[in-house]
Each structure stands twice: as C-alpha cells, then as structure tokens.
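A.B. asks: Sharing the features that Swiss-Prot gives for it:
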BINDING   F22, A57, V58, E59, C81, V82, I83, F114  5-amino-6-(D-ribitylamino)uracil binding site
BINDING   G86, T87, R128  (2S)-2-hydroxy-3-oxobutyl phosphate binding site
ACT_SITE  H89  active site, proton donor
Amino acid sequence: MKVIEGGFPAPNAKIAIVISRFNSFINESLLSGAIDTLKRHGQISDDNITVVRCPGAVELPLVAQRVAKTGDYDAIVSLGCVIRGGTPHFDYVCSEMNKGLAQVSLEFSIPVAFGVLTVDTIDQAIERAGTKAGNKGAEAALSALEMINVLSEIDS
C-alpha cells in the first residue's frame, strides 16, 4: 500500500500571504504566527514570502486569484478576522469569502490555506490569534507547507 503524506520543510517554496486590514489588531498576530511558522518549519527565507494586504475579508478571494494567476507562488495563506455583529452581514461575508478562496484553489491548482477567523466575539478572536487556542495563522501556514509537499509527491 502506498501512502502519500507531506512534511513541512519546503525551503525553495514561494508563499504569498493575503491578509485583510480590517480587525488588524488580530490579523497582525495571525501574520506573525504564519511568518514564524513558514521560517521555522518550512525553512523559507524572507525573500520567498510576499505579504499582500487588502481592505477586508470580502476582498481576499480576488486578491488571492490575482496572486495565483501570476504563477509565481507555490501556495497562498489567507488571513483575516470576521467578528459576528448584530446583522446577517457576517454570514454573507464568511460564506462568499470561503467559497471564493476554495474556487481560487481549484481554478489554479494551488493550495489556498484558510487562516481567516470567523468568530462570535472579540474574545474568541484573541484566543485564536496566539493565546489560549493557539495561532490559526500558524496553523494555516503549516497547512500550506504540507499541501505543497503532498501535491509535489502526487505529481512525482
């Protein structure tokens, strides 16, 4: 039986991180976690990491699509934070963003790791940005690294 698994080191990989500015006090912690993980676990140098900022979570799929279209990157890590408010806006933003990022991944055959917090409260966001519940930016970076290696193994 053949089992294909990917590790984390990918020293020659080029990674784009697309990150929304809205809720930046949370997003910057996610970004720090992602970059640290790419460097430590992926052994990726600063020269192979590009950070692209956009206004909000709804814009992430378009930015990810443009990045993927260049063909310059091996994976994209999407980061952001959407906090539920008192209107249905949260549901629309989260749904469309998630669908859009998945579509980019399939359309361009590139890993698009999901590191966007979709939470009910600011406390939940803080917990997931590097305190009690780990750092979801770091977890998304690990997912991107593993997917680069899994796809490489499948293609070889």
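Including glycine, each Cβ sits where the backbone N, Cα and C put it.
Map these features onto the structure and tell me what's around them.
C.D. replies: I83 (5-amino-6-(D-ribitylamino)uracil binding site) falls within a strand when secondary structure is assigned with DSSP.
Sequence-distant contacts of G86 ((2S)-2-hydroxy-3-oxobutyl phosphate binding site), defined by Cβ-Cβ distance under 8 angstroms and a gap of at least six in the same chain, do not exist.
In this chain, none of the residues that are 6 or more apart from H89 (active site, proton donor) has a CB less than 8 Å from its CB. In the three-state DSSP scheme, H89 (active site, proton donor) falls into the helix class.
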A.B. asks: Please report how many Å separate the Cα atom of T87 ((2S)-2-hydroxy-3-oxobutyl phosphate binding site) from that of E59 (5-amino-6-(D-ribitylamino)uracil binding site), as a whole number.
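C.D. replies: For T87 ((2S)-2-hydroxy-3-oxobutyl phosphate binding site) versus E59 (5-amino-6-(D-ribitylamino)uracil binding site), the Cα atoms are 20 Å apart.
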A.B. asks: At a 10 Å cut-off from the C-beta of V82 (5-amino-6-(D-ribitylamino)uracil binding site), count the other C-beta atoms across all protein chains.
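C.D. replies: A count of 22.
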A.B. asks: Within 10 Å of its Cβ, which one of these binding-site residues (F22, F114) has the largest number of other Cβ atoms?
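C.D. replies: Counting every other Cβ within 10 Å of each candidate, the maximum falls on F114.
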